[in-house]
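J.: Sharing the record's features from TrEMBL:
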| type | residues | note |
| --- | --- | --- |
| DISULFID | CYS66-CYS127 | disulfide bond |
| DISULFID | CYS98-CYS108 | disulfide bond |
| DISULFID | CYS206-CYS216 | disulfide bond |
| DISULFID | CYS283-CYS344 | disulfide bond |
| DISULFID | CYS317-CYS327 | disulfide bond |
| DOMAIN | 28-128 | domain 'SRCR' |
| DOMAIN | 139-235 | domain 'SRCR' |
| DOMAIN | 245-345 | domain 'SRCR' |
| DOMAIN | 354-402 | domain 'SRCR' |
| SIGNAL | 1-20 | signal peptide |
Amino acid sequence: MVYLALLLLCLEGALPRTAAAQFRSGDVRLVGGSYQWEGRVEIFFNRSWGTITDSDWTSEDTQAVCRTMGYFRPGSVKYTGAYFGQGSGPIHYDHIVCSGMEYNLTDCETGTGTRQSSHDEDVGVKCNTIDDNYRNGEIRLVGGPHNWEGRVEIFWNGIWGTISDADWGMSEAQVVCKQLQLPSEGSVPSPYGQGSGVIRITSVTCSGSEDNITQCSLSMGSSSNHQNDVGVKCGKGADDKHGDIRLVGGSYSWEGRVEIYLDGEWGTITDDDADDVDAHVVCRQLGYDTHYGFDRSYYLAHFGEGVGTIHLNLLGCSGTEYRLIECYSVSSSWAHNEDWSVSCLNDVPEQGEVKLFYSSYYSYYYRGLLQVWLNGRWGVVSDTAWTIEDTNAVCRQLGRNG
C-alpha cells in the first residue's frame, strides 16, 4: 500500500491539473436521487468520478457509504441494478467489503473495476436521516465549550445542517439566542469550527425582533464550503451541562487536556486505555469536522496537569458515539500526571506527515499503527525491508526518542 502512495507522489507533477483538483481521492457523492441523502454511489479516484458495481453489496457497505457522507443513523437502504440511473465513465470498484463502522469508504477492502462490469450494475443507497424527536426549524449550538455558544445548526427535512455566514451579523445572532431561550443581550457572531454534511441555509437576514430564525428572510440551498459555517456566543445562560467537555492548556482551541463536566464540577480523565478512537468522539462532540483516524491522543499530562476531581478512567469508545459520556468508563482516583489530552484535526495535514493510529502508551513506549499522509489521504506503511533506523526516524518525526 505504501508503494502505491509513493508512486502517486512521483507521478503528481507529470499529470495535468484540471478542475478535478478540488476533489480528493476517496471523496464520495450520491447522484441521481431526489434528495442529497440518496442516489447512485460515485467515488473520486485517479482524478475522475466513477461508480461502484452492486456485486456482493451488503447493508454494511451501505452504512459505510452513509457514514462517509455524514449520516450515522442505522437503517440505510441499498439499491442495486442502477436504480438511480446508470453512471458514465469508469467503474472504479466491482467489489467492496465493509464492516459498516468505517468513516471513509476507502477504509473498506476493495476490488478494482473490471472490463466485464457494466453500468447497469451501478449501486445506489438511501441513507436514514429521519429523527422524529425534532421539528423543522429547530436549532442547536455545536462545538462550543459551553452550552450557550457554538456553531449554529438547523434541523430541516429530517437532518441537521449548517448555515452559511452570508449577511450574518448581530441581529441574526440575537434571534438564535432568543429561540434557544438564552440571553440575547451581549450575543455576538463567532466561529466554532466547520460542520459536515448539508449546508441548509446559504443566507439569512433578520431584523432582530423575530422569535424564531424561520421568521427571518432565508435563502435555502446547498454548498460544500463549510469554512463559512456560522456560530454565535449568547449572553451567558444556564450553567454547564452534565457531560459537557472542553480542551484546556493547548496553544489552540482544538487541542488540550480533556476535561468533562460531571456532578456539578469540571474534572479530568486518565489516559489509561484512551486512544485515537476516543479522541475522535471528543472532537466530534466539540464540533470539529474530522474523519475517522485524524484525531490524536496524548498521554502523561501532555498539555499540563489538571486540578481537582479525576472523573473517569479506562475510557472505551466504539467511535460511533456523539458524546463522551456515552462511552464505557469507570470512576477514577488516579493522579493528574496521567491526565489525558487530545488534538483535533483543524487543517489538512502536510504531505508526508506521520502518526500512530490506535496509539497507546505502554511501559514508557508509544506504539500504534504507522500511517502517512500522501496525496490527500492517510495510508499504512508496509514492513517490507523495515529497519530500526526507519523506526528511529519515525519517532524523531513524532517528537519522541527513537
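Glycine is no exception: its Cβ is also placed from the backbone N, Cα and C atoms.
A TrEMBL annotation is a machine prediction, not a hand-curated record.
Describe the structural context of each listed feature in the structure shown, including burial, neighbouring residues and relevant distances.
T.: Within the same chain, the residues at least 6 positions away from CYS98 (disulfide bond) whose Cβ sits under 8 Å from its Cβ are THR58, GLU60, ASP61, GLN63, ALA64, LEU105, ASP107, CYS108, GLU109, listed in sequence order.
Long-range Cβ neighbours of CYS216 (disulfide bond) (same chain, at least 6 residues apart, Cβ-Cβ under 8 Å): GLU172, VAL175, VAL204, THR205, CYS206, SER207, GLU210.
With a cut-off of 8 Å between CB atoms and residues at least 6 apart in sequence, the same chain places ASP278, VAL281, LEU315, GLY316, CYS317, SER318, GLU321 near CYS327 (disulfide bond), listed in sequence order.
Per DSSP, the domain 'SRCR' (28-128) is made up of 16 helix, 37 strand, 48 coil.
The residues of the domain 'SRCR' (139-235), classed with DSSP into helix (H, G, I), strand (E, B) and coil, number 16 helix, 38 strand, 43 coil.
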J.: What is the total of other Cβ atoms whose distance to the Cβ of CYS66 (disulfide bond) is within 10 Å?
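T.: Taking every protein chain into account, the count is 27.
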J.: Fewest other Cβ atoms within 10 Å: which of the disulfide-bonded residues CYS317, CYS344 wins that one? Let me know.
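T.: Ranked by other Cβ atoms within 10 Å, the disulfide-bonded residues CYS317, CYS344 bottom out at CYS317.
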J.: Out of CYS108, CYS206, CYS283, which of the disulfide-bonded residues is least crowded by other Cβ atoms within 10 Å?
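T.: Looking at the disulfide-bonded residues CYS108, CYS206, CYS283, the Cβ with the fewest others within 10 Å is that of CYS108.
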J.: Note down the number of other Cβ atoms within 10 Å of the Cβ of CYS127 (disulfide bond), including every protein chain shown.
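T.: Its Cβ has 28 other Cβ atoms within 10 Å.
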J.: Cα-Cα separation of CYS283 (disulfide bond) and CYS66 (disulfide bond), in Å?
T.: 20
J.: Tell me, roughly as an integer, the mean pLDDT over the domain 'SRCR' (245-345).
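T.: Averaged over the domain 'SRCR' (245-345), per-residue pLDDT gives 83.
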